[in-house]
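The structure under discussion appears below in the form of structure tokens.
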Amino acid sequence: MLISHPRIMIRHAPWVTSIETFCCSLATLFPKVFYTSVLTWSVYALIVHGCYDTLMTTQETSIFAIAIGLIGLTLYILCLYTYFKVLRAGPGSPSDFEELRIRNILSLSKPKYNSANPYDTNDNMATSASLLANAEGVDEIESIESEQPPSEYMTLHMLKSNNSSYRYCTKCSVWKPDRCHHCSTCNRCVLRMDHHCPWFAMCVGFYNHKFFAQFLMYLTAYSGFDFVVSLSILWKFFADEKYNDHYLSLNLVFLFVLSLAFFITVGGFSAFSLYLVFRNKTTIEFQENRWNFKNDKNGKSFQYEFDGSGKKKKLGNIFDLGCGRNWRSIMGPSWYYWLLPVTVTNKSIDARLENGINFEIDQDVYDRWCYNAQLQDQLNQQLADYKNRIRMEREANQTTDTNPF
């Protein structure tokens, strides 16, 4: 009779699972409720206490107050709409495409799995997944037909860092397109993953990246607008010494403080996000470049080349097509798409450059990456041969010393 530990039994009890699910739901719901509440309160403070109570004192200022109220209300609607547009669109995942799903993940663990990719220099590839196959009782793994990425739908340029095989996810059982990463929080792979945002309780990826950038821009503009309006009201209130016979609503004071804080923080993050858009780079790729830079200083990175004068320079980003093309590839082809939260993506498997599976690249930079990868492979092979030769010479010398005759 198998007796489980009490802690294990309690942890897997149905009521414990229900409590965990409820707590996760609350944690996911909190940022949405908090953001909506704060944003709605701000527009209330702006229109009611700022425009109606303070500015609508004479006929001349009434028109000005109405204009301020309409501008603030428009920015409020755009901020709220883009926020929920990010949630509704979602980041996108390879799991959404039947063609990218792997029928049998063990077929990729075959010792004779060959991949026809530009970096592949080895015919055979031993992986740890074959051990997993034996552990699960798959004795005849050679009889499993090896799967290959669907080349008719997906053109790959990024490979696994530890070998020359195409990237795939063992948790989601899908092929991973370029710039795709697995999110441990969402527990799924995300197309062109930028980052996981706690304020959305969701990842920012290919399908909602544009709306996320617009959300940051709208929120920065709205915060700056509230800050200017509340500052002017407070300045006039104290400059004209109205505090002697008038009361000032604390809502305007709180609006001034919060709008200033949001304008600085969100504005800084918005500037950083727009910089990445113009460079066609995700937050993950930006962070990877920082790690590579640190490794480069320690002599552990080879993502550079030497020019004619012998100076070292970086290879560059294969997805960087120039500021204009980078911007249009994410935000849309014209100013109409740039200003309004209009969808520019396509969730069809046949939409080559609009579904998050394929991306335009700088062919010249990509060729240099391939050439550099081949040189690295040759250097690694020469180093391995040298170490093997030294080891054999040492073993031969030891044999000679132990047997002089």
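Glycine residues also receive a Cβ, built from the backbone N, Cα and C atoms like all the rest.
Predicted, not measured: the structure shown is a model, and the values here were computed from it.
What Swiss-Prot records for 1-27 (among others) is topological domain 'Cytoplasmic'.
Non-local neighbours of the transmembrane segment (28-48) in the same chain are 68-69, 72-73, 76, 79-80, 83, 87, 198-201, 222, 226, 229-230, 249, 251-252, 254-255, 258-259; each lies 6+ residues outside the stretch with a CB under 8 Å from one of its CB atoms. The feature transmembrane segment is assigned by Swiss-Prot to 28-48 (among others), with sequence analysis given as support.
According to Swiss-Prot, the feature topological domain 'Lumenal' maps to 49-62 (among others).
Summarising the annotation, Swiss-Prot assigns transmembrane segment to 63-83 (among others).
Annotation source Swiss-Prot lists topological domain 'Cytoplasmic' at 84-214 (among others).
Swiss-Prot lists 167-217 with the feature domain 'DHHC'.
According to Swiss-Prot, the transmembrane segment annotation covers 215-235 (among others), on the basis of sequence analysis. Sequence-distant contacts of the transmembrane segment (215-235), counting only residues of its own chain at least 6 positions beyond either end whose CB sits under 8 Å from a CB of the stretch, comprise 42, 46, 50, 54-55, 68, 71-72, 75-76, 78-79, 82-83, 85-86, 248, 252-253, 255-256, 259-260, 262-263, 266-267, 269-270, 273-274.
Residues 44-45, 48-49, 53-54 of the same chain sit 6 or more residues outside the topological domain 'Lumenal' (236-251) yet have a Cβ under 8 Å from a Cβ within it. Annotation comment: Swiss-Prot describes 236-251 (among others) as topological domain 'Lumenal', evidence class sequence analysis.
Nonlocal intrachain contacts for the transmembrane segment (252-272), taken as residues 6+ away from its ends with a CB within less than 8 angstroms of a stretch CB, comprise 38, 42, 45-46, 49-50, 54, 213, 216-217, 219-220, 223-224, 226-227, 230-231, 233-234. For 252-272 (among others), the entry in Swiss-Prot reads transmembrane segment, with the evidence type sequence analysis.
The topological domain 'Cytoplasmic' annotation in Swiss-Prot covers 273-405 (among others).
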Integer average pLDDT (0 to 100) for the topological domain 'Lumenal' (49-62): 74
DSSP residue counts for the topological domain 'Lumenal' (236-251), split into helix, strand and coil: 9 helix, 0 strand, 7 coil
Residues of the domain 'DHHC' (167-217) by DSSP state, where helix covers H, G and I: 9 helix, 16 strand, 26 coil
